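J.: Here it is, the structure in full.
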Amino acid sequence: MKYAVPRGTKDILPDDTPLWQFIEDTCRETFGLFNYREIRTPIFEATDVFTRSIGYTTDIVKKEMYTFPDRKGRSLTLRPEATASVVRAGLENNLITPDNLLKVYYLGPMFRYERPQAGRQRQFHQAGVEAFGSADPALDAEMIQLSVKLFERLGLKELEVDINSVGCKKCQPAYREALKKYFESNLANLCGDCRQRFELNPLRILDCKEAHCRKYIEQAPAMVDHLDAECKAHFSQVVGWLDHLLVKYKINDRLVRGLDYYTRTAFEIVSKQLGAQNAVCGGGRYDDLVEEMGGKSVPAIGFAAGLERVVEILKAESRQSKIENRIGLFIATIGDEARQVGFHLLTKAREKGISADIDFQGKSLKAQMKAADRLGARYVYIIGDDELKNKSAVLKNMGTAEQKEVSFGELLSVFVK
Ligand code: ATP
Ligand code: MG
């Protein structure tokens with residue numbers, strides 16, 4: 001084989017696209033129920049859009065971005081996530097202002113140079129929502145409820161919602177100090193990455209996935225014990241609203257997110273149906289990001305779901321067999337003249353909205369019947385010389401094998417009832 005798909009990327013082939021379409025449709029529908037509207041931003045942005053917002057000390061900015069100069073030497077980056085792009089677009093188009101409540105969603109590919117493994121690719125797909133213009137804890141709870149509803153509607157089971165508060169600019173510094181003090185004595189036992197994180201941003205250590213680091217992380221001081229009064233009140237109201245909405249959750253005081261812009265509420269949904277990469281969605285509040293990116297002070301919250309991981313779960317449950325790729329009608333023909341008539345009927349069928357096809361490989365009748373079966377055609381219409389004379393042919397129901405004579409003129413009425 002001369003060419004291969006780039007490492008960490010995958011083709012999504014026609015057998016799988018119906019499952020992807022089901023997932024995308026369910027995302028759009030569910031986001032719509034909560035009054036989110038779609039936004040589409042470019043797949044690449046000026047590199048600065050990401051470096052500043054996501055944070056210089058994060059894994060994403062340090063080692064995972066696809067950054068390249070364009071032909072005029074401008075630094076561009078394939079989006080590793082969409083929040084920064086949405087903020088950029090919202091500000092540029094004046095949609096994000098302190099008095100406007102903006103609810104938007106997106107779907108699409110993201111790019112991170114990560115080590116490919118199950119549930120982790122270099123091009124992967126996310127569906128996410130962002131809400132700007134409110135710090136109301138009810139909005140946090142509504143968004144968590146939305147993410148749970150989404151996965152329920154997709155058919156995922158055994159989900160767990162983890163929530164935490166990561167505080168704000170005012171209370172985080174003291175917590176960072178407390179973490180530094182704690183990790184200082186264990187520094188030699190942490191991985192190389194964590195030793196760097198210790199210098200740059202000790203909060204990042206809590207996100208380390210190395211088993212031997214996790215041992216020390218378990219004992220580390222918790223952010224909840226360092227929240228200031230406002231953050232504490234906000235978190236307890238989020239929890240109160242979740243109780244009110246009957247959303248089940250677990251408070252996980254180790255939870256931090258992989259991006260620097262998060263403040264206060266952070267949440268993740270993990271699925272017990274997945275292996276090591278078990279998070280199907282992550283999100284949280286980012287009350288300072290809009291201002292950091294040049295806007296006014298506008299509080300905001302969002303989450304992103306990883307669609308490959310949803311696909312993995314649904315495939316394991318063989319849900320995709322229910323979503324079949326079928327066509328309505330296959331027209332099998334014998335001889336040139338029959339094929340011409342067949343094409344005419346094919347055109348009419350398509351005009352009526354019936355998905356239909358015909359042979360293009362000079363196949364025998366038997367082989368055409370086989371091809372129709374493989375396509376999952378519901379009906380096959382078989383035209384030969386006699387049929388041309390009588391302007392009538394056999395229509396075979398491929399499900400029941402039942403056959404009946406139907407005239408050319410009546411053919412489409414069988415479908416349109
Ligand atoms: P993880 O801890 O799994 O690396 P993250 O903290 O990097 O996730 P986010 O950046 O918040 O995650 O992305 C949200 C979701 O996108 C994740 O929960 C996951 O389902 C999915 N995701 C993130 N990175 C990848 C990837 N490289 N390949 C596939 N899915 C991914
Ligand atoms: Mg990650």
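Cβ from N, Cα, C; glycine included.
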J.: If TrEMBL says Glu81, Ala82, Thr83, Gln126, Glu130, Arg257, Tyr261, Tyr262 bind L-histidine, which of Arg112, Arg115, Arg153 does it name for the same site?
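T.: Record check against TrEMBL: L-histidine site with Glu81, Ala82, Thr83, Gln126, Glu130, Arg257, Tyr261, Tyr262, extra candidate from Arg112, Arg115, Arg153 is Arg112.
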J.: Which of these binding-site residues (Thr83, Gln126, Tyr262) have a C-beta closer than 6 Å to some atom of ligand 1?
T.: Gln126
J.: Only counting partners 6 or more residues apart, tell me which same-chain residues put their Cβ under 8 Å from the Cβ of Thr83 (L-histidine binding site).
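T.: Ser53, Gly128, Glu130, Leu259, Tyr261, Tyr286, Leu289, Gly302, Ala304 - these are the non-local Cβ neighbours of Thr83 (L-histidine binding site), listed in sequence order.
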J.: Consider each pair of residues in Glu81, Ala82, Thr83, Arg112, Gln126, Glu130, Arg257, Tyr261, Tyr262, all listed by the record as binding L-histidine, and report the largest Cα separation in Å as a whole number.
T.: 21
J.: Tell me, how many other CB atoms lie within 10 A of the CB of Gln126 (L-histidine binding site), whichever protein chain they belong to?
T.: 21
J.: At a 10 Å cut-off from the C-beta of Glu81 (L-histidine binding site), count the other C-beta atoms across all protein chains.
T.: 21
J.: Suppose we draw a 10 Å sphere around the Cβ of Arg257 (L-histidine binding site). How many other Cβ atoms does it contain, all chains included?
T.: 21
J.: How many neighbouring Cβ atoms, not counting its own, are there within 10 Å of the Cβ of Tyr262 (L-histidine binding site)?
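T.: Its Cβ has 29 other Cβ atoms within 10 Å.
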